[in-house]
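Taken verbatim from TrEMBL:
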{"type": "BINDING", "residues": "B:Lys102", "note": "ATP binding site"}
{"type": "COMPBIAS", "residues": "B:1-12", "note": "compositional bias 'Polar residues'"}
{"type": "COMPBIAS", "residues": "B:21-48", "note": "compositional bias 'Low complexity'"}
{"type": "DOMAIN", "residues": "B:68-339", "note": "domain 'Protein kinase'"}
{"type": "DOMAIN", "residues": "B:340-397", "note": "domain 'AGC-kinase C-terminal'"}
Amino acid sequence: MSSTGFTSPFGANANPFGAPRIDVGPMHRVAEEDESENVASPTTHAFGQGPAAEGLTFQHTFGGDAASSQLEHSGPRSPPYLDTYPAQYNFARRTSVSAESLKPTSETYDNWVPPFSPKTPEQLERLKKAISGNFLFKHLEEEQSSQILGALVEKRIPAKDIKVITQGDTGDFFYVVEKGSFDIYVNSKSALQPGPDGMGNKVDTISAGGSFGELALMYNAPRAATVISAEPGCILWVLDRVTFRRILMESTFQRRRMYENFLDTVPLFSTLTPYEKSKIADALESKKYPPGHAIISEGEPGNSFFLLEAGEAVAQKHGVETPVKHYKPGDFFGELALLNDAPRAASIIATTEVKVAMLGKSAFQRLIGPLEGILRRERYVGIKSGVEDTDPLHVPKA
Amino acid sequence: MAATVAPSQSMMSGGGGLHPLQAQGLHAAQRQHQQQQQQKQQQGQNQQPHEDVEPFDVQNRHLTINDFVRVRTLGTGTFARVVLVRPSHGTEAERSKVYALKILRKTEVIKLKQLDHVRHERQILADVSGHPFITSLVASFSDHDFLYLLLDYIPGGELFSYLRKFRRFDEDMARFYAAEIVLVLEYLHEQQGGIAYRDMKPENLLLDADGHIKLVDFGFAKRLGNNDNEHPVETYTLCGTPEYLAPEVIHNKGHTTAVDWWALGILIYEFLTGYPPFWHQNPIEIYKQIVEKPVIFPHDPPISDEAKDIIRQFCTVDRSRRLGNISGGAARVKAHPFFKGVNWEAVANKQYRGPIIPPVRYPGDAQCFDVYPEEDAVKDEYTSEMEQKYDDYFKDF
């Protein structure tokens, strides 16, 4: 059972984990308590020069009876070399966080629709501006963004000194200031205390266009500050976490399933496992084009594959008057670019506003490996695919 | 060797330091045990002292908290506490065995909306029990207020404690732990059919007596489902530890087992430098960094190019480029230059020697664990309405 008998096949010096260094020896493990068990710091090169080599002993950390170590460990543990940590680094144990579980509507069948409260175009503009710089909103797709803007609810704070957020309380809402201003107070005891100075020190004031409470959009954590209205007649826009996260989830979930369904219809991918197709669905990037835009240009090198999500497009070839093919949502084109480097054999022109999901050849190869290998899994070449027959982008091999 | 029995003062001490309800339970257990002993002594004067002791079979009986006595707390969380316990009865050999008992309070589980997570934890632990680098579930049971998971006791303590003590690990040490973790992730992701662990961090890695890792706390582990077309379905509930969250979790883009590879990159960074790449007093600032900033390495300590590369490849926002998630999966990770020369079969067979041998003096020794207060704050009552509404969720325990 002992691991000492194992010799690295690469020789002692080639042990990828280095020579065993921090070892108090099997006998010492059951040693008497008064025998010091020297364990050198793994970062000390002096290790191996005997037990006295500036070793940290476990006695200091773990040893002794429970009573004495209880004193040592009350509060966050101080590691050695404290000065070599970045300033303010909190070296204590980190607590896990978790939001409530989120399941898509298709699994829960509760017909959830995002709440909607109407806003004037000016209000919408102000809101958009207020959240545009926020990292939680920056990456949103247009549809998600407009659903979230629609979901924000107005809340009027008529008087001064009304607490909107109380430090230490649970947090479920994010706020955007539409009108007026709010003062932020922090009590060093991490919670509002009774008495006149219970809110602690004023650290900031947030005015129209500002926002606060964004952590509540991620999970329920105790509020880190108290926020009160600094003047009468303030107006806030409010968004709750479940609505926010659910809007993001539902749209992503639906789009992913749609992509997977599309991918199931691509003959070239017929030998991919569902797992591989899911990875492709995950890597697809949405792109929009205006009517008349060439998504693919004839003669140019091909390096992406496209799924048509919304809108319509046509394939056109030089010297041919009428479109050689029409595309509608669910159709795909350009998949041969994943297979070879041949120039595009036709142009694909958007005839309406279109939305495509695209996948680059390199992303495909990173996720799945070279397509040639995939084709070899089964005799794809022999499958009656329809691609060769109908895809004008296909260049027959010489 | 194991004959020494830990001086378990707490089990005989007054209820003051105990979890209120457990204090009751333990006292009841002690009374019951004493009564049994007295009865036995009265009944059979000429019997051998141990022959009539009913054996304690931890596997095949309906366990209750009274079957155990507390030695001491090994760790605490928001709604759970892990306690070192030993059986309250049975033969002497059985009573000298120790276990880690994870105690979850139903009211807190409900209040923190962790019902699904707790159920997954029990089920997944049962599914993966027996893997050399994962803590084994021995049994589970419940009573009116609590859910219990009885686990193997891993005496070496948290890798976290050693990492903070040593400030940081050198690359050989980091490689050793990372290699064992790679095998755990390969097992969970690829051999167990898509289990995402979702809470990788040094706090959740224990060392066994020989210094090999054991992954503990499957509270956020999730078996990813499949839809009607057999496509695996991503999951959306935000969970994990702030410094270790993957960008797709923060942005709620739906996440998969790829989050564990991201976290492994953070972990290797923390092994080598002593702190994670993204940290701040304010969690929001951590999240901003995770989604917007690249991983930056300090000048001191110097970090090898291979280590930097594997960290960068794990901590890649684009999942179509993230090592572990790209084609080849874990095999690709194992082939990375950082692991050059590693004999993976030897890793799996624990043939490499652990770089830290924990100072464990006897099997029930808890000196490698920090000491925690034994009492809980006053908690809400588990009412009969809650019982009616929620007890069905706990029926698997």
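Note that Cβ sites are derived from N, Cα and C of the backbone, with glycine treated the same way.
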In three-state terms from DSSP, label B:Lys102 (ATP binding site) for me. strand
List the residues of the same chain that sit at least 6 positions away from the residue listed as 'ATP binding site' in sequence and have their Cβ under 8 Å from its Cβ, in sequence order, or write 'none'. B:Ala80, B:Arg81, B:Val82, B:Tyr148, B:Leu149, B:Leu151
By DSSP, how many residues in the domain 'AGC-kinase C-terminal' (B:340-397) are helix, how many strand, and how many coil? 16 helix, 1 strand, 41 coil
